[in-house]
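A.B. asks: Heads up, here are the entries from TrEMBL:
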- 26-48: transmembrane segment (TRANSMEM)
- 68-85: transmembrane segment (TRANSMEM)
- 106-132: transmembrane segment (TRANSMEM)
- 138-163: transmembrane segment (TRANSMEM)
- 175-197: transmembrane segment (TRANSMEM)
- 203-224: transmembrane segment (TRANSMEM)
- 316-339: transmembrane segment (TRANSMEM)
- 351-374: transmembrane segment (TRANSMEM)
- 386-404: transmembrane segment (TRANSMEM)
- 410-431: transmembrane segment (TRANSMEM)
- 443-464: transmembrane segment (TRANSMEM)
- 476-496: transmembrane segment (TRANSMEM)
Amino acid sequence: MRAGLRGGRLMDVDTRPHREAPPKTLFGLPLPGLLGGGLWALAAKLVTQVAQLTAFIMAAHLLTPVEFGFFAFTSAMTIFLVVVAEGGWAEYIMKSEEDPGRWRQVASVSLGSGLLLTAVGLAAAAILYFYLGKHWEGGLLALFSLWILPSSLTAVYDGVLVNRGMLHRQGMIRIVAETGGLLVTVGGLLAGWNVVALVAGRLALQALVLGGSVAVVGWIAPALPGQAFMRELFQFSRYILSNRMIIFLRSYSGTLAVGSFLGLAEAGYYRAAERIVAAFSELIGEPARMLAWIVFRRAHSGKPEARGSAAGTAGVGNWFFPALFAVSAPVYLGLALVSDNLIHLALGADWAPAALVVGILAAKQLLLVPSYVTEPLLAVRGAVNRLPPVSLLNGAVSVAMVLITAPFGFVWVAVGQCVAAAIALATSVWLQARYGGIEWGRVLRSSGFVAIAAVVMLAAVHYVRMIAGQAGLSVLQSFLAQVLIGGLVYVPVLVLSWKWVGAALPDPAAEKP
C-alpha cells in the first residue's frame, strides 16, 4: 500500500512488486522494459545537460568572472559535503534484492548523515559570517547547505527506483525537476538575484526530485538500523564513498591548478571546456551506469550457475560493452571534430581558445568509457573493495599530471589528462577481467563493427567540414551540416558492419538461463 493515512496511521513504502513482465527477453532480461528505461534515462540526462548548460551560458554572460568563480568555489565546498552525505546508500539498495525492511534502515542512516553534514555546512557558514566577517560568503554557503539533506534522502529513492527497474519513472521525475530548476534559475538571473539565482535553482530542482520520488515510491519511513546491518552498510559504502571522493578530487584539480599557475582567464577557458565535455559524458555515463546496475545484478542473480561465479556477468558484458561503444564513440569523436563551431555558437568568439581543449578532453572521455561500468560490475560480483586502491592510483596519476603540465599551459593540462585516462583504461580493463569476469578479448572482437562505422563517420564529417569552408557557409550552417551528415552516415554503416561481423556477437538464445 502506498504511503497514506489508513486507519489513523501512516503507511510505509509500497511493498507490492512493481516490475512489469515484458514478453521478450535478451539474456533472460526483459528487453522492452530495459530499452524503454534506458531511453527514459537518456532523455532525462539530455534534459539535465541542456538545463545545466543553459544556466551555465546565461550565468557566464550575466555574471562577472569574480562572481562566477565565487559561486564555483562555494558550490565545490557544498558538493564535497553532499558526496559524503550520500555515502553509498543508493548503490547498496541497487545491488540488493528487494527488501523494504532494509530500505527503511538505509533511510534512517541517510537521514542522519544528511542532518549531520547540513550542520557541518551551517557551522562553516557561521564561522565565515560571524568570525571572519565574510557576510556574503557565509550567507551563500548557509543557503547552499540546505541542499545537503534532500540530496541525501533522494539517494535512497534513486536506489529503490533502480532496484525496481523503474528507470522510466525516474527519468520522468528528473525531466520535470530539471525543467523547474531551470525556470527558477533563469527567472532569478533575469530578476537580478546574482549568484543566489543559481543556488535557488539547485534547491528547487532537488526538492522536485525528492517530492516526485516520494510520490512514485511512497514514503520510506526510517527505521532504527541494527548493529549488524550498520556494519554491513558501512562496509559496502566506504568503498563507494572513497571512490566518489577520489573522483571529486580529480574533477576539480585541473581548474584549480590552471588558475593557480596561469591565471583566472586560462582557468575560465579550461573550466568551460570541462563543463561542455562533462555535459556529454554525463549524458552517456549516467544511463550506462544505471543500466549496468540492472543488467549485471539480474544476470548475476538470475542464473543458478552464476551465483558466486562470473557466468552471468561475462555473458552480459559480451553485448553490453559493444553497445556502449556504439553509442559513445560517435558522440565523443564528433564532439572533437565540431568543437570550434560549438564553442563559437554556445559561448561566442571570445571563448575560442577553449575549442582545442574540448577536442582533447573528448578523446580523454572516450578512453574512460569502459570505466562507467566498473563500479556496478564489481559491486554485483562482491569485489567492490578492489576498486578504491585502483581509483586512488588513477586519481594520484591524474593530479600528478595536472601539476606536471599546468606550468606549460592549459592545453598541455588536457593532454596530460589523456595520458592519465589511458592508464585508467588499462586498470579498468584489468579489474573487469580479473574480478568481474569480463572476457575482453571477445568484447573487442565483438566491437569491431563500431570501429568501422566510426572511421567512415570521421572521414565523412571531415569532408563536409572542408566543403563547408570552401562554400563559405556560416558557423551554424557548417555545424549543422557536420552533425547531420555524421549521423546519417554513422547509423547505416554501423548496422551494415554489424551484420558483416555479426558472427562474432553472442547469441542471445544461448545466453538465456
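Each residue, glycine too, has its Cβ placed from N, Cα and C.
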A.B. asks: Six or more residues beyond either end and a Cβ under 8 Å away: which residues meet both conditions relative to the transmembrane segment (316-339)?
C.D. replies: 26-27, 29, 277, 280, 283-284, 288, 291-292, 295-296, 299, 355-356, 358-360, 362-363, 365-366, 369-370, 372-373, 377, 432, 436-439, 442-443, 446-447, 449-451, 453-454, 457-458, 461-462, 465, 479, 482-483, 486-487, 490, 494, 505-506, 508, 511
A.B. asks: If we call contact 3 or more Cβ pairs under 8 Å (sequence gap 6 or more), are the transmembrane segment (410-431) and the transmembrane segment (106-132) touching?
C.D. replies: no
A.B. asks: Other than its close neighbours in sequence, what residues sit by the transmembrane segment (175-197), given a CB gap under 8 Å and a spacing of at least six beyond its ends?
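C.D. replies: Beyond its ends, the transmembrane segment (175-197) has Cβ neighbours at 43-44, 47-48, 51-52, 54-55, 58-59, 62-63, 67-68, 70-71, 74, 140, 143, 204-206, 208-209, 212.
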A.B. asks: Which residues of the chain, 6 or more past the ends of the transmembrane segment (203-224), have a CB below 8 A from one of its CBs?
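C.D. replies: Sequence-remote neighbours of the transmembrane segment (203-224) are 2-3, 10-14, 100-101, 103-105, 107-108, 110-111, 143, 146-147, 150-151, 153-154, 156-158, 160-161, 166, 169-170, 172-174, 176-178, 180-181, 184.
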A.B. asks: How about the transmembrane segment (68-85) with the transmembrane segment (476-496) - do they touch, taking at least 3 C-beta pairs under 8 Å (6 or more apart in sequence) as contact?
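C.D. replies: Counting Cβ pairs under 8 Å, fewer than 3, so no.
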